[in-house]
Amino acid sequence: MDKLIIEGGSRINGEIRISGSKNSGLPILAATLLASGPMHICNLPHLNDITTMLALLRCMGVGVTIDEKMCVEVDPTSITEFEAPYELVRTMRASILVLGPMLARFGKADVSFPGGCAIGSRPVDIHLRGLEAMGAEIEVDGGYIRAKAPNGLKGARYLMDTVTVGGTENLLMAAVLAEGTTILENAAREPEIVDLAECLIAMGAKIKGVGTDRLEIEGVKTLNGCTYEVMPDRIETGTYLVAAAATGGWVKLRDTRADILEAVLLKLEEAGAEITVGEGTIELAMHGKRPKAVSFKTAPYPAFPTDMQAQFTAMNAIAEGTSSVVETIFENRLIQVHELNRMGANIRLEGNTAIITGVEKLKAAPVMASDLRASASLVIAGMLAEGDTLVDRIYHIDRGYECIEEKLQALGVRIRRVPG
């Protein structure tokens with residue numbers, strides 16, 4: 001199992017390009033199953049989760065061709081299998097997203113219960129109840145969701161009892177080919193859902209309320225193939241900005257967007273960062289200053305994203321002052337605190353709240369990543385520590401960050417990968 005070794009004392013300084021969004025690319029790849037012809041999806045990041053989703057499409061008989069720039073042609077007209085097997089689904093939660101498209105287009109789907117990061121309970125019951133409201137017949141058998149809609153899906157009004165990104169995406173994709181009008185209430189509003197909706201609209205879907213918590217979808221008979229470019233990764237953007245702020249450095253990020261990261265940028269400015277936004281660029285400068293502690297509570301978009309909590313917690317560990325971080329989305333997502341404390345951080349857990357008193361320096365230690373974003377926070381902590389930090393189980397980080405060591409090396413960080 002590969003590990004990362006980070007030499008402490010690095011200060012971020014340089015310019016890099018931001019990759020396409022994994023959390024947008026995965027549902028868009030699932031949406032290709034809805035098309036009546038080939039789709040061309042561009043700006044996909046080269047990540048394990050994307051590779052797994054493409055492997056899942058291939059095992060269903062879908063034609064997949066990839067060029068050297070990670071522009072993928074997907075031809076769903078050759079599909080022969082309607083099962084997402086455990087062997088592929090077990091490593092990636094987003095594989096559940098093929099359920100809605102398969103059911104809408106082909107009237108049947110067998111999908112194994114998904115895997116992914118171990119960060120708490122993320123039940124799929126909202127997906128299933130929504131599909132049942134649209135006329136699907138669903139049973140759970142032997143770890144598989146077995147769904148069918150012999151008479152096709154019908155439009156329905158469905159109120160999601162909690163805000164769920166995956167549930168919104170699955171039901172949105174199911175609704176675009178359903179007969180009649182579907183209204184999804186309490187829908188998630190994340191930019192990745194907007195990106196998916198815009199891709200579906202480019203394919204011929206009729207969707208109103210994009211970017212709001214009420215989506216109205218008028219079903220159509222067929223969707224066409226199209227060419228679509230995935231949005232930039234806002235969490236990768238935020239991670240490199242936090243790394244620069246924590247180390248007192250400077251960074252310029254290209255091919256990204258500031259409008260999808262407002263809550264994060266506001267907190268970075270509160271920490272003392274000077275931020276300059278250009279056309280497709282974000283620049284952050286700390287001028288060698290130690291960041292100030294910032295308190296926040298995670299919540300669904302447009303509030304502070306749970307996927308940035310761990311990185312800010314690492315920055316707060318060496319910040320000037322005391323902060324509180326409240327995690328309201330996933331119950332186990334403060335798990336990296338124990339590893340940060342092993343590196344000399346002063347963090348106290350009270351339920352879903354971390355009380356962080358900043359220390360001047362962390363000390364290197366061997367640490368273990370528990371999920372995707374926790375692993376990113378430990379890499380940032382390694383930059384801030386005295387000595388060499390070894391981060392184990394970095395397969396988590398490879399699920400969400402394209403070429404992380406190469407990008408950090410380009411920014412002046414002394415980091416290397418060693419085979420396990």
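Placement of Cβ uses the backbone N, Cα and C atoms for every residue, glycine included.
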**Asked** Looking at Swiss-Prot, Arg93, Ile329 are annotated for UDP-N-acetyl-alpha-D-glucosamine. Which of Asp67, Asp125, Asp307 sits in that same site?
**Response** Asp307
**Request:** Could you check what DSSP calls Asn23 (phosphoenolpyruvate binding site) once collapsed to helix, strand or coil?
**Result:** helix
**Site extent for UDP-N-acetyl-alpha-D-glucosamine, whole Å (max Cα pair distance, Arg93, Asp307, Ile329)** = 16
**Asked** Between Asp307 (UDP-N-acetyl-alpha-D-glucosamine binding site) and Lys22 (phosphoenolpyruvate binding site), what C-alpha distance do you get in Å?
**Response** 13
**Message:** Between the Cα atoms of Lys22 (phosphoenolpyruvate binding site) and Arg93 (UDP-N-acetyl-alpha-D-glucosamine binding site), what distance do you get, rounded to the nearest Å?
**Reply:** 12
**Fill in**
Same-chain residues at least 6 apart in sequence with Cβ under 8 Å of the Cβ of Ile329 (UDP-N-acetyl-alpha-D-glucosamine binding site), in sequence order, are Thr298, Ala299, Pro300, Thr306
**Request:** Name, in the order they occur in the sequence, the residues of the same chain whose CB lies under 8 A from the CB of Asn23 (phosphoenolpyruvate binding site) and which sit 6 or more residues away.
**Result:** Val165, Glu190, Glu192, Asp233, Ile235
